[in-house]
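Enquirer: Structure in structure tokens, see below.
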């Protein structure tokens, strides 16, 4: 009878042995993965991965950490300008996390370049770059784990908000110091000071209505074209289709825009404004009738052409808009 407890313990050990060994093996593999990622992260905030590293450290279980992966194409022959711009913002975000006091092994930042991991692109059926995907600690990526680049832009602050939403990790973005602003302000003050010194007591140029009108007009055109939105959201300059090579300068959605699009709208608004100025001068100036007719015709032509182009841009973004001016 005394041998029964011993026999029961042996049977329990025999039954629980493989399970315990398997659990221990998983813990060892997980520990090796985390140690490897921590070692790489200590050297470089964004870990570069090829197909083998991606499959082993990101796709394969076990994993108790999230990995934010940027799929990109940075090689010069790919001519992906947006990829380079997005990479700069991504590096800022990763550095902000790596050198913060809250840094842990809960989340890592990685990158897969097409020329180093084309098999990963094929495995994920990915046909565009740059693309940001969060691979959560548990399960597979869901719809929200793919970053909406065309809507949000690739500014580090926008990426940080998305990361916080998907991983509950809040990253305070710290940008490297930018001395361009203070230098431009100093240059502007130097120019103003030099003008005041050269003109002496003659400050009539400060009361020049034409100069102030041009400055105000430039400011209004810049704001109405969407420059402030670019500054806040950090959208790409344009989008190049990786398959056809076609470059789109106008975003197809009313919820986003490209930088090139704002430049185009700025040019069109400027053309309409110039046409209106010519029409006003033709009606109020003291020039002879022939010149005034020429100015009137030129003004009407500018308004018709550029306003029609503005409407065509509007129609391409707001699908189904029924109105047009003259030109498509």
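Positions of Cβ are set from backbone N, Cα and C atoms, glycine also.
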Enquirer: From 231-251, 294-314, which range did TrEMBL mark with transmembrane segment?
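Expert: Among 231-251, 294-314, the range TrEMBL annotates as transmembrane segment is 294-314.
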Enquirer: Please find, within the list 150-168, 264-282, the residue stretch that TrEMBL describes as transmembrane segment.
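Expert: The range carrying the transmembrane segment annotation in TrEMBL is 264-282.
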Enquirer: How about long-range neighbours of the transmembrane segment (264-282): same chain, 6 or more residues beyond its ends, C-beta under 8 Å?
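Expert: Cβ under 8 Å, 6 or more out: 217, 221-222, 224-227, 249-250, 292-293, 295-296, 298-303, 305-307, 309-310, 313.
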